[in-house]
């Protein structure tokens, strides 16, 4: 998929060397400790979400499929960069093969493109759930959800494949030391001994088009959601909706803001912004959201939270803490991450 490197590539470029966080090498070991915790929480949380939804037929519904895909993408995103970062921070071994570097680059950028598409889809889900609750089941049918999922993946592949192709075919005949903690596109492209501007420009334009499009529609969805929420007659329902959507918006801000600032700072260069700041921001939006997503989107969802507590109760005590009677299903979907109807929301929690 990525093709073969240019024939002009020096044998020395058969492997790159990742330096970690430039300028902060003396505290790499201290950075490894929180990163280990973040990676562990991210993996356990996302695996838990996948397991709970997969094992419970009652959760085999369209809106929970988004959570499954998000959890899977977060696992891919975390494991594609964090293990190598930990190797660098603990042992100082930053050597990564030429092919492995570009595979990591493709996975990271494709996963981020898929994740931003998922966040857009979740915002649309909440818009339909809150603003058009009576039509939720007819608008977001399983086939519609499948079509959205396929469109997200196809978009990521179509946009990120040319990006990787452009940079992998550049000749690398001088330095092969990557001033980054993973094979970030612009950090690698700058090592080429040919003009890397077409590749870098494509990266900038593609990032701003994808993120700009998604953020615009997410902001529009939330503005319409806020209008609908303030028109609710129940103060308790308003509070619950604002609390849920507020936590979701916080996660999106933590994802999009560092990503866009990181891209902008990479173009400004280290003369304007310290290189270690650029690298830390780039690392931030790859490892923090995968840790927060299962907490915000998963465990704040009442039905998932109940099943997690029930699984823990069965494991520890052998007793089922859920009501043995058939679970009452909501007639309307209130919001992803808060799936009660407006009438039920006043009675629960």
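Cβ atoms are placed via backbone N, Cα and C, with glycine included.
According to TrEMBL, the feature transmembrane segment maps to residues 246-267, out of the candidate ranges 246-267, 312-333.
Averaged across the domain 'G-protein coupled receptors family 1 profile' (45-297), pLDDT in this predicted model comes to 86. Spatially, the transmembrane segment (95-124) is not adjacent to the transmembrane segment (27-52); fewer than three Cβ-Cβ distances between them are under 8 Å for residues at least 6 apart in sequence.
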